[in-house]
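A.B. asks: Sharing a structure below in structure tokens format, with a few things to ask.
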């Protein structure tokens, strides 16, 4: 294998969430149209990992190897939590433990999609009709994580449509709050090699949203072009002024109380990618050589969120686990 790495080959593979009861969680994400792509069991360490994603012929990564995809959700189950009445995750949206905000799926017909979720008995943080933002909703997964729902078509167009096809859904993005937009953008663009797709500045409310991703064949979206039909984007939310407050810090999800764990990028050449990160002076949570798992590394973004780095098996032809 050549000892070079090209960020054009990188993929924003998954976002990891800890869950209390995997049966309930897998059922929920399956209801949203996802398939269980892979399950990894680590009985000695007393945890299992469930990788869910869109896998129909209409899906962007349909049929691909688990590491050769974008927009997966990894559910981590630590044995015993399902029977622990006290166990509750930190969903990232409650002070003083805010950090990770939500995952987001884009759907064909948003009114029908939200109705279907409601009819199944799932709860909403925000229904379409709540508040001023009438074009987005937030459903709650069984642990109380927020799942944003956005439409792939204009709201008016789907108003009277009663059906929805989950095979057309996308795991569109994962949102993280960041303290200093400039530092975070530099990290995700220069170090991880993502492109900035668009930014949405709301001066009145004092925040800016940045959407980044790996463009590959589709290229970076043009001015005003929707990104709702894509998968595996990263949304960074910057609340203006936090960068000036020395004591301000977001919760990384891995200190107590835990919830969100990490985002993960799969790369063409794991050793070369890590050598490149090293040369860019990244902060490491875990180098390849640390600990027992020699096939994963973790770098830290400027807010201390963990970014897992893993080999895309398509480039090596051999299994990671």
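Each residue, glycine too, has its Cβ placed from N, Cα and C.
Below are the features I grabbed from TrEMBL:
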- 11-152: domain 'VOC' (DOMAIN)
- 170-312: domain 'VOC' (DOMAIN)
- 235, 262, 308: Zn(2+) binding site (BINDING)
- 308: active site, proton donor/acceptor (ACT_SITE)
A.B. asks: Please list, in sequence order, the residues in the chain of residue 262 (Zn(2+) binding site) that are at least six apart in sequence and whose C-beta is under 8 Å away from its C-beta.
C.D. replies: 15, 16, 253, 254, 298, 305, 306, 307, 308
A.B. asks: For residue 235 (Zn(2+) binding site), write down the residues of its own chain that are at least 6 apart in sequence and whose Cβ falls under 8 Å from its Cβ; none is a fine answer.
C.D. replies: 101, 104, 173, 174, 175, 176, 209, 210, 211, 212
A.B. asks: What average pLDDT is reported by the model for the domain 'VOC' (170-312)?
C.D. replies: 97
A.B. asks: Quick one: DSSP breakdown of the domain 'VOC' (11-152) into helix, strand and coil?
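C.D. replies: Computed counts for the domain 'VOC' (11-152) are 23 helix, 53 strand, 66 coil.
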A.B. asks: So, by DSSP, how many helix, strand and coil residues make up the domain 'VOC' (170-312)?
C.D. replies: 27 helix, 55 strand, 61 coil
A.B. asks: Taking the Cβ of residue 308 (Zn(2+) binding site) as centre, how many other Cβ atoms lie within 10 Å?
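C.D. replies: Looking across every protein chain shown, the total is 20.
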